[in-house]
Every structure is written in C-alpha cells, then in structure tokens.
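Listed in Swiss-Prot for this protein:
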- 109-119: compositional bias 'Basic and acidic residues' (COMPBIAS)
- 88-119: region 'Disordered' (REGION)
Amino acid sequence: MSLTVRVIAADKTVWDSAAEEVILPSTTGQLGILSGHAPLLSALDVGVMRVRPGKDWVSIALMGGFVEVENDEVVILVNGAERGDTIDREEARSTLSAAQARLDQSEQSEDKQERYEAQRDFKRARARLQASGEVVNI
C-alpha cells in the first residue's frame, strides 16, 4: 500500500504522485511518514523533504508550511518549494555563500529584524543546496 503525496505552493503544485515513504522537516525535527500513519497536522520548517516513490529518493526544498496526514493522503502546503533536480548547484552555492556572509555580518547588528531575515535567508539557501544533492556542512 502506498501514500498519495501532494506538495502545493501558492504558485504551483510541485509534487502530486504516489510514494512509499516521506521524510519532512517539521519544526520539532525530522518526521517520517509511511502507509498507515496516524492522522497528523504539523508545522514544517525550512528544509529538505525526501519522498520515495519507488526505490529511489527525490529531494524537494521546502520553505516552511504545514502537513496534513489522513487515510494515507499526505497534503503539504508550503510557502515555496523546489525540486532538487531543477536547482542550479552553482547558483545555489553562490546564494548560500552570500547568505552566510550576510548572516555573519548581521550578528554584529542591533537590528533584530535584520538578524531574523539573515537567518531565514541562510536556512533557505542551505535547504536549496542540500536538495540539489550537495552535502552542506554549515
């Protein structure tokens, strides 16, 4: 038995297919979902979702949102999402490097909003690079 998985962003449906397993970045840690999972509603953090439609895994960068699981249906509503196989790694590396520099600079700032935005941008850039298949150690 398999799951029906849908990843829906405001501007597009990123994934709509059957899957055997899903791993999501919840706000309290990684969340694994298999067929027969108990009903669930959970907040999602910025991070990488992994979905296994067969024997291979597909990575999707999620920009935060919510997941609802019920009767082997997994509906993921997100602020933004991007499949890892569509991400330009060079561009993602460059974006992460710039986000890291901005984060380092913001740590000296008194402006809480600036620090928050720098942290958010860093997490998003890191998730995109990880979803592309690159190992990120920062």
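Note: Cβ is positioned from N, Cα and C throughout, glycine not excepted.
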Long-range environment of the region 'Disordered' (88-119) - Cβ separation under 8 angstroms, sequence gap at least 6: 125-126, 128-129, 132-134, 136, 138
Secondary structure tally of the region 'Disordered' (88-119) (DSSP, helix then strand then coil): 26 helix, 0 strand, 6 coil
